[in-house]
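Features reported for this protein in Swiss-Prot:
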| type | residues | note |
| --- | --- | --- |
| MOD_RES | 2 | N-acetylserine |
| MOD_RES | 2 | phosphoserine |
| DOMAIN | 47-82 | domain 'EF-hand 1' |
| BINDING | 60, 62, 64, 66 | Ca(2+) binding site |
| DOMAIN | 83-117 | domain 'EF-hand 2' |
| REGION | 129-150 | region 'Disordered' |
| MOD_RES | 134 | phosphoserine |
């Protein structure tokens, strides 16, 4: 049954188990980062790692522990910054160092904690600010008459 889980896109108990396993895997990687001396001077590291885990799980659409090109495309569209295929391939290459076509959680955390400025990092950092400043209008659009049209 576990072999078929990764290929089925459904909710319910199977999806909950899949997400629980994914969260456990990401939590283990977070513990590795917390124990790593390289990141010991990083302030608010546990809070940052928890936020990174949430974002990563949100955009890991295939639940395989990697963000692929289509997941990245959806993420950028959701953030209001659509990119071309070529731009997204370049972003993935920058994050992974050209080694892979997908972004693993380790690569994602290294990018977010790293010193170099990645496009994806900037988008992720400012996502919250952009969402707060421009709330989407609710309800039906206002009525217009012919005189108000251009």
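Here the Cβ of each residue, glycine as well, is placed from N, Cα and C on the backbone.
Cβ neighbours within 10 Å of residue 60 (Ca(2+) binding site), excluding its own Cβ and spanning all shown chains: 22. Summary of the Ca(2+) site environment: with the site residues 60, 62, 64, 66 set aside, the chain residues having Cβ atoms within 8 Å of the Cβ mean position are 61, 63, 65, 67, 68, 71, 102.
Sequence-distant neighbours of residue 66 (Ca(2+) binding site) (same chain, six or more apart, CB under 8 Å from its CB) are 60, 102, 103, 104, listed in sequence order.
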